[in-house]
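Taken verbatim from TrEMBL:
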type	residues	note
DOMAIN	192-513	domain 'Glycosyl hydrolase family 13 catalytic'
ACT_SITE	Asp339	active site, nucleophile
ACT_SITE	Glu394	active site, proton donor
Amino acid sequence: MAAASTEPPRLKQLLERDPYLAPFRTDFQRRYSLFYNRLKNIEESEGGLDKFTKSYKTFGVNQLADGGIYCKEWAPGAEAVFLAGDFNGWNPSSHPYKKLEYGKWELFIPPEDGHSPVPHGSKLKVVIRAQNGALLYRISPWARYVVRDEDKVNYDWVHWNPPQSYIHKNPSPKRLKSLRIYESHVGIASPEGKVASYKNFTYNVLPRIKDLGYNCVQLMAIMEHAYYASFGYQVTSFFAASSRYGTPDDLKEMIDVAHSMGITVLLDVVHSHASKNSEDGLNQFDGTDSCFFHSGYRGNHQLWDSRLFDYANWEVLRFLLSNLRMWIEDYRFDGFRFDGVTSMLYHHHGIGTGFSGDYNEYFGLHVDEDALCYLMLANHMINTLHPECITIAEDVSGMPALCRPVAEGGGGFDYRLAMAIPDKWIQALVGDKTLAFRLMDAEMYTNMSVLMPLTPVIDRGIQLHKMIRLITHALGGESYLNFMGNEFGHPEWLDFPRIGNNESYHYARRQFNLTEDDLLRYKFLNAFDRDMNKLEERYGWLASPQAYVSEKHESNKVIAFERAGLIFIFNFHPYQSYVDYRVGIETPGKYKILLDSDAGEYGGHQRLDHNTEYFSEEYPHNYRPNSIMVYIPSRVALVLHTMDIPK
């Protein structure tokens, strides 16, 4: 590595890009210095970042080529460590680990007649003798497969070493320029009131995603979580794919099939906190309050009732970085959406804190620079070892430079989830009504049939639903994310089975069957969403520079902008249509309609003739050198393109 430096090598470019960051130069220097020194220590002490982050191949319980078993754990607070399970009749002391330096423990179990002493599918536990002498039966933090029997509360650790593991057949898609993300939860991906499976998603949902024009699927609730109603955000086993949907091989097949369709697969990774469970989670693994977490008040999230990682701890860095690498290399995930980044970045975790955009809110002692350093290390590792992978930060604070390269002093992410945009339409909270149900509410139960008269409520809801999604898609940013089912205006809300709803699955499902009924109006919204995505695939506005908004007329309720050579025109007025409405444009030429939300196949009123040609005039309007005259009906969105530039 280069000589030590407190200055990010490309900080100058960052400050030139945003001069308002100049007063915080020393903050960027300090953050980068922390990152640089930790990376340098890893390189010098662990044989390099590559070896350090391959620890998932040595920690936990691992099968050796000769049939033997090698086990390794980090339990700094333990007095002794043992391995017990079906293989030794659950004898808690017959297989002791050897104590190593820095709180590590190891155990080697030789093969028996060339075969593994721990059979595939057998149950195991790490037995910790705590400092008070108590024996604690724990699941290894590195466990690859855990299951829960129907008659039990806690999960059991099952040794996963099948004779033949699933072999990936298809390469990952090339890195995408335009991300159209279909956010999904495997368990609810069925109209049936049950936990759906990886197999169901593979054969019933992936073809739907492909048909809709999405090129990326983001999977939530994959990392094992004991409490289903936590939406997957109270992780108990970080290296285990959730067994409630099927086996690890089922998930590998699902990702492989997605890749065969050209679909990129992202994992919703939760490194911001962990479940408080101890018997089947990380909490108090070695019998102490700390280990992977901060001890005391700092180690607990007051709103989430969960444990908070100590990102300055060497072994925590090993654990989390290796966790990312395992999901990439074993399962072939193409990147991550990091959950809860705002909570990670600040000691206050965003609780009771608003962010106005004042840069002083993002620098100072309230920033958890150890957590930020971990994120920089994670992005550096991914970018170095797997540059084709994508990372997305779920940050609502707007931390400056979070999506700039680490070499500039940034966080290294590719994208930040723009959560303020959906909040402009509704406060999009877990358990809240869907956008469609907000717009149409109870009438969706009675008036979505094409055999029923089109009521004002349903008409308004269908038209606005299309317009809201298109303007968000085209103007919102550099990629687009849709939660499964919302593309066709899924009714009601999402609620997982829990005590408060009598463990009902009624709202923990996606009613894809609604789009398949030709007598229901859901088919119109589904068709519009598909054609909207296919149009972006053709013209690539998400990968184009930000739009030029030529008009945002409050009283007329008209918004017009240009992006990727297209003209987008929205008339949000509830009843006023405009004849010969002048729209300013940059490029002269002859224009035609590419997408019309008022078309009959989208449940519109068919007020526009798609054979109409719109000729530009050298008539400046709204600071554009040219303009066109259009007919724009009420509650309609149009996309136009010049016929002079073939596409």
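Using the three backbone atoms N, Cα and C, a Cβ is placed for every residue, glycine included.
Neighbour counts of Cβ atoms within 10 Å were compared across the active-site residues Asp339, Glu394; the minimum falls on Glu394.
Each residue contributes its Cα atom, and for Asp339 (active site, nucleophile) and the residue listed as 'active site, proton donor' these two points are 5 Å apart. When averaged over the domain 'Glycosyl hydrolase family 13 catalytic' (192-513), pLDDT in the model lands at 96.
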